Amino acid sequence: MARPYEGKLAIVTGASRGIGAAVARRLAAKGSNVLITFTSDSSRDLTRGLVEELSSKHGVHVQSVQTDLAKASTAAPIIVEAARTLFDSYSPPSGGKKFQVDILINNAGVSSNQFLNDPEKGAIDEAEFTRVYAINVLAPLLLTQAVAPHLPADRSGRIVNVSSVSASIGYLGQSVYAGSKGALEVMTRTWARELAERATVNSVNPGPAWGDMYAEAGPTFWRRNQPYVDAAPLMAYDGEEDVLRRAGGEADKFDRLVREQMGGRRPGFADEIAGTVDMLCTEESGWTTGSVVCANGGMRMSIA
């Protein structure tokens, strides 16, 4: 595989699993050194395994840092300092090369599904709003701000924010979550202007992705989602072998759920979404900024 990111340094937040891990794998495979961030103790072993995998398989420098993005004002400088430490490990200050972050992927996020005056969960309160916006909005803002002085000075930097199709659809019960992702897309356009001399800034808009978050949404949400996925051209599924290969050890479970509870319309896979993120990190994407690029099988197009 070509290594267009050789020698670059990337930060990927929320990269212990799912889309973040898939992005880290793609960047490392193409030569980038990677700092992976994670939050919970339960993700420590997964993250350690990913660091070892990427380092040994691709011969790049990979480290992780555990920090709570819900406390963004504390987390942002910790992440930048960890990135500096990683950079110094392969490019010591004595070498004369200035610390630089080439790629920032704001991927970490949390979900929220709660109606106004929800009959089961009660009314949305300030605590729920703060929980979601702290991680989905404030953390990307403060981390991008902290990284900005260390971006390249020649417009070769790349920032990609991971949003959600929820920001476009207006799902029932997603006032808080969809609002947070809409805010991230708006900030994308602002940063594209403010950081134009250093980096392109784009947002990737994924649809449903096979993994923990979509599984936890459950049958009620899947039924609510059905009209949207029915109209998405790439989500049609009928047991295709290439799709089942992507599901790996969960192929049987995937096949059963998609056929029986998702109306034969499949979610995407983390690696498919990571492919779009990767595309926006390339040199060839340098004329694209301030954009929301869909990685949702045509789902957003279906509601235009």
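Quick reminder: no glycine exception, Cβ is built from N, Cα and C everywhere.
Annotation source Swiss-Prot lists active site, proton donor at Ser163 (among others). Ser163 (active site, proton donor) falls within neither a helix nor a strand when secondary structure is assigned with DSSP, and so counts as coil.
All protein chains considered, the CB of Ser164 (active site, proton donor) has 28 other CB atoms within 10 Å. Marked as active site, proton donor by Swiss-Prot: Ser164 (among others).
The active site, proton acceptor feature in Swiss-Prot is assigned to Tyr177. The Cβ of Tyr177 (active site, proton acceptor) has 23 neighbouring Cβ atoms from other residues within 10 Å, across all protein chains displayed.
Summarising the annotation, Swiss-Prot assigns active site, lowers pKa of active site Tyr to Lys181. DSSP assigns Lys181 (active site, lowers pKa of active site Tyr) to a helix.
In sequence order, Gly109, Asn136, Ser163, Ser164, Ser166, Ala167 are the residues of the chain that are 6 or more apart from Lys181 (active site, lowers pKa of active site Tyr) and have a CB within less than 8 Å of its CB. Positions annotated as NADP(+) binding site by Swiss-Prot, on the basis of similarity to another entry: Ile19, Asp68, Asn107, Tyr177, Lys181, Ala209.
A sphere of 10 angstroms centred on the C-beta of Ser163 (active site, proton donor) encloses 28 other C-beta atoms.
Taking the binding-site residues Ile19, Ala209 in turn, the residue surrounded by the fewest other Cβ atoms inside 10 Å of its Cβ turns out to be Ala209. A distance of 16 Å separates the Cα atom of Ala209 (NADP(+) binding site) from that of Tyr177 (active site, proton acceptor). A separation of roughly 18 Å, to the nearest angstrom, links the Cα atoms of Ile19 (NADP(+) binding site) and Tyr177 (active site, proton acceptor).
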